[in-house]
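Asks: Here it is, the structure, as structure tokens.
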Amino acid sequence: MILFGALSFVGPAMSDAISNLGGGGLSTPYLANLATALSYMAGCMITVFGGPLINKIGIKWSCIIAAVSMPLAGSAYYVSAKYSIDWYLLFARLLGGFTSGFLYVAETAAMLSYPEANDRGFYLGIWSAMRNSGSVVGGAINFSTNYSKANAGGIAWSTYLIFVGFECTGTIWALLLSPTSRVRRRNGAKIPMASSISWKRELIALWRHLQRRKTWLMSIPAFYSFFFGGTMGTYLSLHFSVRARALSSLITPAITIVMVLAYGKLLDTSRWSQARRAWISFAFWIIPQAMCFIWIGIEYSKFGGGKIDEALDYELHTRRWAEAYLPYLIMFSTGYWTQLSLYWILGTFSTDVGSSSRSGGLFRAFETAGQAVSYALNSKTSADPRIPFYVNAALMAITIPCMVFLIRLVPDAPAATDIDAGDIVEVQGERDPDNK
């Protein structure tokens, strides 16, 4: 699980650190938002079929495929910032989106199936904390190279080269991963696995999974979970100075690390039933996010629909900066709570790798679709940035009833078999997963 965290540290976390600058750290957010939209669109296309892909080629090889292309992200922003070559940014993000789709499904399948039920929250917290640790390192790099820029605009282009260095190590961590058949839980037990099935049966199993009620109830919350990325990134880019954005890319993930670790412990609290934990974890993120939408709506009424004349800076406009930035910070950090609670809820239904791959693949498909739409809405230079914000708020309203019905389906114990694939071979304890 530590290796998955390391992969997230040098891959998605470095991309997050760039995104956390608002507009990818470029002088305006629109090109970066378009590139990010293309990336998530490509990722969505892969993750829809992620379950069959992961089940056939394996989690390790999926991670290797993703790791090879990780340096494209940092290099693309560097080339765009220094040489104004925009086509490479769009191409690199599109190609990186396809390969990242393999990592999205692989890490999700591992997080849902590898830990024991009473340890899942802990490992989800560790994984999310390591991803945000990468963003902290990235944020420190951002701030150290841009702390003197109190005006609006783009970050120092040399910043991106440091990110490329981290991203180049991704292949090393991916090669160190063990195949699923060799993975052991803390109690020494193997991971429940079904016997290998044909591509045709994998696609049939995926179709069955798509028809399940929990899949569609999960779709809207998944679509909503990271929709705030484009909306809040544009909010940050249009209204805050370069160094305020750089500082944000440091302090936001640092605070999030503590929050996700504490949240993971909450999810593992054994004195409550699974359903009760699901209700409590839901309340922990939906209430502050609803309050933040109201708060940011008030801020937008002050800013208007465009870029403000004087970007807010923590030294020059301390009180106004804090007032406008705090809801962004809360929205960002509780956004990771949203994801962790959804992962944990999905893990309550099954512990089998095959079923978890399909659940994880479809979850990430809906999630990346939401991110693609969010960044696409925020890529128009002439559009009012408040419109995507209103769409985001409407999505939250639709998410609430979906979560209510989804939590009502949470079972007392997860299924230990692949119920979508028909006849399966269960693997428990020390049995050999290849003994069919």
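Every residue gets a Cβ built from N, Cα and C, even glycine.
According to TrEMBL, the protein carries these features:
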type: TRANSMEM; residues: 31-54; note: transmembrane segment
type: TRANSMEM; residues: 61-81; note: transmembrane segment
type: TRANSMEM; residues: 87-110; note: transmembrane segment
type: TRANSMEM; residues: 122-143; note: transmembrane segment
type: TRANSMEM; residues: 155-177; note: transmembrane segment
type: TRANSMEM; residues: 216-238; note: transmembrane segment
type: TRANSMEM; residues: 244-266; note: transmembrane segment
type: TRANSMEM; residues: 278-298; note: transmembrane segment
type: TRANSMEM; residues: 325-346; note: transmembrane segment
type: TRANSMEM; residues: 389-410; note: transmembrane segment
Asks: With the transmembrane segment (122-143) as the reference, find which of 31-54, 244-266, 278-298, 389-410 contributes the most Cβ pairs under 8 Å.
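Replies: Most contacts with the transmembrane segment (122-143): 244-266.
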Asks: Any contact between the transmembrane segment (389-410) and the transmembrane segment (278-298), i.e. 3 or more CB pairs below 8 Å with pairs at least 6 residues apart?
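Replies: When sequence-distant Cβ pairs are counted, the transmembrane segment (278-298) touches the transmembrane segment (389-410), since at least 3 lie under 8 Å.
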Asks: Spell out yes or no: are there three or more C-beta pairs under 8 angstroms between the transmembrane segment (325-346) and the transmembrane segment (61-81), with each pair 6 or more apart in sequence?
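Replies: As far as Cβ distances go (cut-off 8 Å, pairs 6 or more apart), the transmembrane segment (325-346) and the transmembrane segment (61-81) do not touch.
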Asks: Mind pulling out the one from 31-54, 61-81, 216-238, 244-266, 278-298 with the most Cβ pairs under 8 angstroms to the transmembrane segment (87-110)?
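Replies: Top-ranked stretch among 31-54, 61-81, 216-238, 244-266, 278-298: 31-54.
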Asks: Same chain, outside the transmembrane segment (61-81) by at least 6, Cβ under 8 Å from its Cβ: which residues?
Replies: 4, 7, 10-11, 14-15, 18, 24-26, 31-32, 35, 53-54, 88-89, 91-93, 95-96, 99-103, 105-107, 154-155, 157, 160-161, 163-164, 166-168, 170-171, 173-175, 177
Asks: Are there residues at least 6 beyond the ends of the transmembrane segment (244-266) whose Cβ is under 8 Å from a Cβ of it, and what are they?
Replies: 13, 16-17, 20-22, 25, 121-126, 128-129, 132-133, 135-136, 138-140, 142-143, 145-147, 149, 155, 236-237, 277, 280-281, 284, 311-314, 321, 325, 328-329, 332-334, 336-337, 340-341
